[in-house]
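One structure is given below, encoded as structure tokens.
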């Protein structure tokens, strides 16, 4: 497939508001692609350059894109930055500038989908002193040979921000329709493989294999998530439940196979080098090959420390030994996804728990199994007294559903008025904060993963955190116009609020009353932020409409 055809399909989809129509467009194209092209096409459509389980990064930000584009159009970098600041949509700006470029190429090569992918892989593997220069040259090559429309989507791919309305659900529907595979089999394969490109490849080449895929060591899968709820309603609905402490820690997934160990964050980024002590503890605690779900907490004088304490360890790239002495970590494990090569996610939670206890000789999280709301309530208050956030309630017959935030796991906390949102923009501050970002624009996501603005937040951010946030965001700036700065949307805030209100001022149709910054959620991926569906559910519960 020529890349221009890919760009034309993207353009068609971008102008399509119907989810079903988008799935139909993809389902029509999937069978026409070669076995090598299909997984690349699927990933690119979602703005992904690598499988979801991979922690590989392109290492290419907005600043390098500005430099590459300036070279291609024969203008100064400041001209490019000004154009982007005035327009905002970086893809469409690149399209426009390539269309108007003065430095016309006497010859150009047609871009092929697989050649573009090979360039991206080469950029990701660049290392050493000249790595940025090598990435820049690759970007210059791609943009120099691009048509204006190709340039729009190349730029978005380089920043891994496609945003054309192709979410996981749309791709799964398209795979099912294109190759006649039942949707539940596609869903199960995606849960185990965590790569829709590979799911599509198997559906095309050997659909029977989709029913027999397994979770594989060192290919992390998404973690099962929880909704908010109440003890009473859970007991009334399910009867006997498992209650566990809800730790104020950092979620992890531990993999051990053939004597090798690795640990991954909630965002599926490997953090083995940052947490060697935790890896060693878990390695010693089992003689089995395992994939385990858990949470690591910081401890001082026998009591849990705040989440931000752990972040200081996880962020540490150097002098990890000194950090180990300063901050003591303790892992708790509470679920098991695979043991000795066998995938366990389809087993009921009660059976997975028994297997977990049989393969681990330490660090298994304490648990209460009860059908008494009063007993669970007492367990909840005891957990709070011990410095935890609250408790988790889990349905004993539930499978492990990677990436699913359903009603099988429920979190019980004193405050239910916090929400995870992604930062999309900021306003420069005033007075002594003039060189810092003063307020931040926040967004939730719709069913396709497209971002919808819902609130601004400035309250609750002290000077120290403002400095931290400036350092975090300064290299993520995409555009700047007046006092408004637009960012790559990949930083998540946990935000408190007094009330959720309906509003026409924001794209989501809701607004937060008295929003306040609670904490930075480095451990969370943008895919985990609040959805429009869950906001609607929150609003209904708040107003007792359910």
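Cβ atoms are placed via backbone N, Cα and C, with glycine included.
If you look up Swiss-Prot, you'll see 246 marked as active site, N6-AMP-lysine intermediate. All protein chains considered, the CB of residue 246 (active site, N6-AMP-lysine intermediate) has 20 other CB atoms within 10 Å.
The annotation ATP binding site is assigned in Swiss-Prot to 244, 251, 266, 295, 334, 405, 411 on the grounds of sequence analysis. Neighbour list (residue 251 (ATP binding site), Cβ cut-off 8 Å, at least 6 residues apart, same chain): 223, 265, 266, 293, 294, 295, 523.
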Around the C-beta of residue 334 (ATP binding site), how many further C-beta atoms are within 10 angstroms, looking at every protein chain? 23
What is the separation, in Å, between the Cα atoms of residue 405 (ATP binding site) and residue 246 (active site, N6-AMP-lysine intermediate)? 16
Max Cα distance spanning 244, 251, 266, 295, 334, 405, 411 (ATP binders), Å? 19
